[in-house]
There are 2 protein chains.
Amino acid sequence: MAGRVVRRRWLRHPAQTIVVGFAAAILVGTALLMLPVASTGAGGTDFVTALFTSTSAVCVTGLVVVDTGTYWSAFGEVVILALIQLGGLGIMTFASVVGLLISRRMGLRTRLSAAAETKAVGLADIRKVVTGVVKVSLLVEAAVALVLGLRFWLAYDESPGRAAYLGVFHSISAFNNAGFALWADSLIGYVTDPWVCVPIALAVIFGGLGFPVWFELRREIRRPKVWSMHTKMTISVTVGLLVLGTVFMTASEWSNPDTLGAFSAPQRVFVGFFHAVMPRTAGFNSLDVGAMNDSTLLGTVVLMFIGGGSAGTAGGIKVTTFILLFFVIYAEVRGESRVNAFDRQVDDRVIRQALTVALLSVGAVVGSTLLLMSLTGLPLGPVLFEATSAFATVGLSTGITYDLPTSADLVLVGLMFLGRLGPITLVSALALRERRRHYELPEGRPIIG
Amino acid sequence: MAGRVVRRRWLRHPAQTIVVGFAAAILVGTALLMLPVASTGAGGTDFVTALFTSTSAVCVTGLVVVDTGTYWSAFGEVVILALIQLGGLGIMTFASVVGLLISRRMGLRTRLSAAAETKAVGLADIRKVVTGVVKVSLLVEAAVALVLGLRFWLAYDESPGRAAYLGVFHSISAFNNAGFALWADSLIGYVTDPWVCVPIALAVIFGGLGFPVWFELRREIRRPKVWSMHTKMTISVTVGLLVLGTVFMTASEWSNPDTLGAFSAPQRVFVGFFHAVMPRTAGFNSLDVGAMNDSTLLGTVVLMFIGGGSAGTAGGIKVTTFILLFFVIYAEVRGESRVNAFDRQVDDRVIRQALTVALLSVGAVVGSTLLLMSLTGLPLGPVLFEATSAFATVGLSTGITYDLPTSADLVLVGLMFLGRLGPITLVSALALRERRRHYELPEGRPIIG
Ligand SMILES: [K+]
Ligand SMILES: [K+]
């Protein structure tokens, strides 16, 4: 069932395809959002505001220059929701297909297909990936929407229709790690409500694991030992970062009267957990980010930069990229000649890809922070936070987004686009050029970027 | 003349030796500075102030918690000067010997010795390195001291004795990249005086090139083509960073009335050049660092983090470490299977060492910034600046050093020590464990850390 071998242009140049596709979606979204019917005020929306919002939606970032719930009409909100869903499906499908292509090229057997012998990727494979991605997305989104809708209807006196709409909107926004909310203060109004925060956090975490992990979990959830290196890495780093992040957030904001200080001890841990989930890379907030300590913000920057799993809806350099660099250091410090991780050795090319993605990402964030500081005159803390949030498609902000000059808005637009597509297109371009080589030992091949 | 092979403990464990040696020097310096005779005020100096100053001197950092020129007596100043000279000679000698050991172990012919066949390092080699380092140091320091002394005597009405003392102090402080100055405002009083600023800048740059580069330049200054990869890298990156840094500093502060804005256009370029030299990693300042734009400070942080050349008096991750990472990215983006630089291929182990040094350094700076922010409550900008300055042994400050709590002082003490000895001891520990391998092509071996 490997099917007809696809020799079409878009598979030979996948990076070009996704860049053009995303750019087209953003421009169509911009045009739609500029229509007078898309906003509640009189007249249409200006180009930069529409472009910013459309880019933020397609790149599932969630930074906003106008309040989503009041500025846009129902039509505008549905456009945004459609752009989020399109952007989320697009990046997941693309990244999964690229992962499949890379595995095939390297002659690796993966669980995404039984026919590891075939080196080409067929239409049947792609169809399988696309239907798989769509199925999982709709299933998770429906479940979360149901819980949220019931909660908004029963506990917050919303009409059934409005509650359903709120449920669907925030479920899609959460699963796709978009972080758009219809309340001006995001989820601050629901900070201690587990029926709202838990489903959203679970959708965010699940969306951020990525398709290859879902696919493997579905088949082998009871047998962690047979998981691929990629799945083992993604799961363990995700769990590790959630635990560490919760401890850090809770401890760092514990006695801040403007954030966690207002709550009981168990509530502080609960909210701390929520704010350990959101930087990776959903971008909802149930606390005022602008009121957090500077050290909390720096810790959040680190979590945002790392991001979530590959081939999911999360952004950042990805947990596999991050942890690979740790394994390199570990191997080096121990004097090993090969880098091993989870009982597999890691190819030097993969290490160099991880290094390339991480360093170019650092360069993008530092460079754009410098540029944004000189454009705005704002201090380092909030600007670094904003740049990292845009690059890692997180959407958290200390609150400066509303008041930025147009030039800074355009820098953020570029950064969101670069952050969403840069790492994955870079890795696909790098990896698909590799010649097949012979390995003396079985090799694990985590997806980078 | 490879001489008697040294099998002594300190050559088998060079990292332990240098750590113990530096710690001992710091403690002796602390004790001397605590003596009542060392300070101008009544009674002795408290332990933390003496420890901070001694660490800053031995690690040639230049951060100060008390004003050097007024707080310490002549005796105290001479102690500081001796600690600087000792620290500078110590790090240069140690790093050069380690570089020699590594080259020998890897079977590489280096210009430091004609006998590449001998794998062991003899006492004769070490004597050669030590006398070479001492000779170069004294020669450069004497020349710079002469120019500075004459200038202070002839143009600033200092007595001949005082002028000579000022010349010697700042010459030693400059060549060793220490950045200690006897004026509370560092070199702000001499901002446009080329007879003060140029000799100091040249001493700083020269000291920062490192012994292996001096050694090679002395023999082959007219034949750049035969230079080793290490020398080519160090020279070209140094020149590149000086040019880029000058452009950046000058442009970024051009119209800031509190810094460059006060000067004529040519003066702005001159002062911009001086402030492109100082972050790498001397730490004198002729402008008020605290009055600089936040974007200038971030650019300075980047320059400080990169630092200067290996086996010299500069700190930071070193220019070779920095540029190697660029070559890795370049090779990866071009799809090369090997990393080539300056007509040599770079071994994968060297790349991993560079990566290890760079990532652990990022971790140290980010981690200590987090810690310092939670200890002081100060915002990200000045704290990141201070932590990078301490780690890279630069000594520039936005002015917060004087008012830090004791806990933060101790963090900075640790950071200066770690930054001075961490990269080089790490690399020596890593590299000296390497087994000798056979290479199919000639290989360049830049010194990392
Ligand atoms: K997001
Ligand atoms: K210094």
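From the backbone N, Cα and C atoms, a Cβ is placed for every residue, glycine too.
Residues or ranges marked as transmembrane segment in TrEMBL: A:17-35 (among others).
Beyond the transmembrane segment (A:47-66), the same-chain residues lying 6 or more positions past its ends with a Cβ under 8 Å from any Cβ of the stretch are 22, 25-27, 29-34, 38, 72, 80, 83-84, 86-88, 90-91, 173, 176-180, 282-284, 313, 315, 386, 389-390, 393-397, 401-402, 404, 406, 409-410, 412-413, 416-417, 419-421. The transmembrane segment annotation in TrEMBL covers A:47-66 (among others).
The annotation transmembrane segment is assigned in TrEMBL to A:78-102 (among others).
Taken from TrEMBL, the feature transmembrane segment covers A:136-156 (among others).
The transmembrane segment annotation in TrEMBL covers A:195-215 (among others). A Cβ distance under 8 Å defines the sequence-distant neighbours of the transmembrane segment (A:195-215), meaning residues of its chain 6+ beyond its ends; these are 88, 92, 95-96, 99, 110-112, 129, 132-133, 136, 140-141, 143-144, 147-148, 151-152, 155, 170-171, 174-177, 187, 228, 230-231, 234-235, 238, 242, 270, 273-274, 277-278, 280-282, 284, 286, 307-314, 447.
Annotation source TrEMBL lists transmembrane segment at A:235-254 (among others). Here the transmembrane segment (A:235-254) has Cβ contacts under 8 Å with residues 205, 208-209, 213, 224, 227, 260-261, 268-269, 271-273, 275-277, 279-280, 287, 292-293, 295-296, 299-300, 303, 306, 308-309, 319-320, 322-323 of the same chain, all six or more residues outside its ends.
Annotated transmembrane segment per TrEMBL: A:302-333 (among others), in sequence order.
Sequence annotations record features per position, and here TrEMBL assigns transmembrane segment to A:354-375 (among others). Counting only same-chain residues 6+ beyond the ends of the transmembrane segment (A:354-375), those with a CB under 8 A from a CB of the stretch are 305, 317-318, 320-322, 324-325, 328, 383-384, 386-388, 390-391, 405, 407-408, 411-412, 414-415, 418-419, 422-423, 426-427, 430, 448-449.
Sequence-distant contacts of the transmembrane segment (A:410-432), counting only residues of its own chain at least 6 positions beyond either end whose CB sits under 8 Å from a CB of the stretch, comprise 14-15, 18-19, 22-23, 26, 48, 51-52, 55-56, 58-61, 63, 87, 91, 94-95, 98, 101-102, 105, 310, 315, 317-318, 321, 349, 353, 356-357, 360-361, 364, 368, 371-372, 375, 386-387, 390-393, 401, 404, 447-449. Taken from TrEMBL, the feature transmembrane segment applies to A:410-432 (among others).
Among the listed stretches A:17-35, A:78-102, A:136-156, the one sharing the most Cβ pairs under 8 Å with the transmembrane segment (A:302-333) is A:78-102.
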